Amino acid sequence: MELVLPISAKENLKKNMKAFSEKLKRFPGLLWQTVWRVGRDDPRRVVHALKVGLSLTLVSLLYLLEPLFKGVGQNAIWAVMTVVVVLEFTAGATLCKGLNRGLGTLLAGSLAFLTGYIAEKTGLVFRAVFIGTAVFVIGTATTYLRFFPYIKRNYDYGVLIFLLTFNLITVSSYRVSNVLKIAHERFYTIAIGCGVCLVMTLFIFPIWSGEDLHNSTVIKLEGLAKSIEACVNEYFNNVEKETTQDKSPEDPIYKGYKAVLDSKSQDETLALHASWEPRHSRHCRYPWQQYVKLGAVLRHFGYTVVALHGCLQSEIQTPQHCRVLFKDPCIRVTNELSKALMEIANSIRNRRHCSPEILSDNLHEALQDLNNALKSQPRLFLGSNNNQATNMLAVAAAHANSSQKREKYNGVSLSSFKTDNSALLEWKSKRMTNENSRSEAAERKVLRPQLSKIAITSLEFSEALPFAAFASLLVETVARLDNIIEEVEELARIACFKEFKPGDEVIVNFKTQKVNVTLNHFSSQGAE
């Protein structure tokens, strides 16, 4: 035994060393693939990285070149720090941070200079009291000011820099005599750093937040169109596919609506930064908050697509022979809906109003065909109610009778079950009397979820019930299309989009009317 353990330990060590060496061999390749993928997904990231490197090199010259160092001194390092902190990916974000930093530093320096001037006129003791009181008042007021929604949204970084700079200058002035001179030099170097950032972000391959917000809205619309189309196609073409609860990131359905649902914070940030950007083209003065409102409408639309996708992963599925009966009208509705979303995306991309032909009668006709197809199969949705209770009791009795043998060794003795109401009531009363026993608790854990599932699957209309949910959600997506069109038209009106011309490309020519088609006809069919 003593010889086996060292041998097995050596073997495990060799395996671990071999696995570690293989990981080291694969590491350069994996690293290169990651670097290449990040740059391929958005080439502007490479440009931004080069701009940051060039900016840091330029401000470092203040430290490296002797003539510049003599003029600036040790405070040149503040220019480097400013570039690292201020230079962001988009021009709007850089302007927001840069102007906040510059304005906060300027105001803090001015107030600190005034505080130091007043403090010098008093004695040494009163000077300390005055500085302490000023720090307390300014710190309290500034921190409370950061809770204001408008300040928090637009000037939080500037207020933070103001508080930091004021305290550094004011407190240091009590022990250092030339603190104001140091503050002036630091302000100059910070201004140099901000200037370099602004030149880089505005004039050298600028990346505009407004353009990103505009393009992301187009991509979200296209993603929703592709997601709905893929979802319906998969529902009718891959009936026998085993459902899973895991959503793969590569799934086109999940990928399409995920980008919409996760876009709230991104849209608000891009709209905020776009409001700071100067007028760089005739398209830049857009109502950016209207894009945020449109994004909220798209998220509400996306929730319906999520529910539609959930029908593909339901544990109880409608059989293939039932789905085929409604495949053609559902595909028609989906195609018309997808075309409408693509046309809306195309109109936003080209900054023009939607085509007047986007609203015609084709979609309404497709919905009417779906409605007629549902009405033509009443037996799929409404079964005979006479045998439902008997079927329920029979299935419950069979399941409980088969479970009796499993529970016998745990001290549970269930009476024989019959397929009538008295037998079921007897079994229920016995369960209630033995509720405090451990064995009965174990029985409930086993029987309750299984009996509930048996109860669902034993209903005569349960085969078509999942499709009824799917069809109602598909109709709901069409009904919510009007909200998207209204927000897009409002955006086009406020932003002064160009009018649609007959020569412009038309992706779709159908009309979406206010759809109030529901599945209430199921109950009316029962009356017939």
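For all residues, glycine too, the Cβ spot is worked out from N, Cα and C.
Bear in mind that TrEMBL entries carry predicted annotations, made automatically and left uncurated.
If you look up TrEMBL, you'll see 46-65 (among others) marked as transmembrane segment.
With a threshold of 8 Å between CB atoms, the same-chain residues lying at least 6 positions outside the transmembrane segment (77-96) that come near it are 44-45, 48, 51-52, 55-56, 59-60, 62-63, 154, 157, 186, 189-190, 192-194, 196-198, 200-202, 206-210, 212, 270, 272-278. According to TrEMBL, the transmembrane segment annotation covers 77-96 (among others).
Here TrEMBL flags 125-145 (among others) as transmembrane segment.
Sequence annotations record features per position, and here TrEMBL assigns transmembrane segment to 157-175 (among others). Here the transmembrane segment (157-175) has Cβ contacts under 8 Å with residues 96-97, 99-101, 103-105, 107-109, 111-113, 115-116, 119, 127-128, 131, 134-135, 138-139, 142-143, 145-146, 151, 182-183 of the same chain, all six or more residues outside its ends.
Beyond the transmembrane segment (187-208), the same-chain residues lying 6 or more positions past its ends with a Cβ under 8 Å from any Cβ of the stretch are 44, 47-48, 51, 54-55, 58-59, 62, 72, 75-83, 86-92, 94-95, 98, 101-102, 105-106, 109, 274, 277-278, 280, 284. According to TrEMBL, the transmembrane segment annotation covers 187-208 (among others).
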